[in-house]
Amino acid sequence: MSLHIADHPLVKHKLGLMRQNDISTKDFRALASEIARLLTYEAVKDLPTEKHIVDGWAGPVEVDRLKGKKITIVPILRAGLGMMDGVIDLIPSAKVTVVGFYRDEETLEPVEYYVKTASEMSERVALIIDPMLATGGTLIATIDTLKKAGSKKIKGLFLVAAPEGIKKVQDAHPDVEIYVAAVDERLNEAGYILPGLGDAGDKIFGTR
């Protein structure tokens with residue numbers, strides 16, 4: 001697995017604002033979208049292009065166009081929806097695949113409750129988006145689901161990640177690339193990232 005940690009002053013500044021405990025829902029939501037946009041820019045640098053001839057103002061001109069099927073964005077419900085706008089801003093023609101999991105209270109393992117994939121998944125780059133990569137369990141389950149649907153190239157975009165989760169995903173799916181704004185210190189006993197952002201879903205949807 002390739003791990004890409006954003007090294008950009010704008011990302012660091014915006015993430016710092018998100019760490020404030022008294023941040024408003026409006027600001028948290030806006031910053032999540034803005035960082036998602038910046039992470040997307042990095043994550044799609046290797047997309048293939050092909051040459052096309054178009055009618056320019058002074059005659060025919062050769063231009064680059066993206067090659068192949070459109071990307072599919074994969075928000076993990078519910079918090080992943082908070083990063084959607086930032087990704088869609090850059091890739092407005094992207095298809096959307098939606099996955100949802102809940103945690104079994106006895107086994108603590110993720111249980112799939114909703115999946116709706118785009119068509120021809122084997123021909124699309126899949127961009128998983130979720131604010132937090134904590135234990136890695138939900139991400140691994142999501143990757144498993146996408147691979148069963150035919151996905152061959154998968155990338156994940158996260159605001160913050162814990163070393164424990166990164167290691168777990170790396171062991172399970174070494175072919176998946178991870179793009180993250182920051183790698184934090186550790187997980188606490190309850191599985192929350194420290195220092196982290198708190199409950200990103202609650203902050204995005206105003207349900208805290």
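Placement of Cβ uses the backbone N, Cα and C atoms for every residue, glycine included.
Feature list (source: Swiss-Prot):
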type: BINDING; residues: Arg78, Arg103, Asp130, Pro131, Met132, Leu133, Ala134, Thr135, Gly136, Gly137, Thr138, Asp199; note: 5-phospho-alpha-D-ribose 1-diphosphate binding site
type: BINDING; residues: Ile193, Gly198, Asp199, Ala200; note: uracil binding site
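The structure, with features from Swiss-Prot marked on it.
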residue	record	DSSP (3 states)
Arg78	5-phospho-alpha-D-ribose 1-diphosphate binding site	coil
Asp130	5-phospho-alpha-D-ribose 1-diphosphate binding site	coil
Gly136	5-phospho-alpha-D-ribose 1-diphosphate binding site	coil
Ile193	uracil binding site	strand
Gly198	uracil binding site	coil
Neighbours of Asp130 (5-phospho-alpha-D-ribose 1-diphosphate binding site) among the binding-site residues Ile193, Gly198, Asp199, Ala200 (Cα to Cα, within 10 Å): Ala200
Other C-beta atoms that fall within 10 angstroms of the C-beta of Gly198 (uracil binding site): 17
Rounded Cα separation (Å) that holds between Gly198 (uracil binding site) and Met132 (5-phospho-alpha-D-ribose 1-diphosphate binding site): 10
Long-range Cβ environment of Thr138 (5-phospho-alpha-D-ribose 1-diphosphate binding site), under 8 Å and at least 6 residues apart: Ile76, Phe101, Pro110, Asp130
Surrounding CB atoms that lie within 10 Å of the CB of Arg78 (5-phospho-alpha-D-ribose 1-diphosphate binding site), all protein chains: 15
Candidates Arg78, Met132, Ala134, Gly136 (binding-site residues) - the one closest to Ile193 (uracil binding site) by CA: Ala134
Cβ-Cβ distance under 8 Å to Gly136 (5-phospho-alpha-D-ribose 1-diphosphate binding site), same chain, at least six residues away: Glu164, Gly165, Ile166, Lys167, Lys168, Val169, Ala172
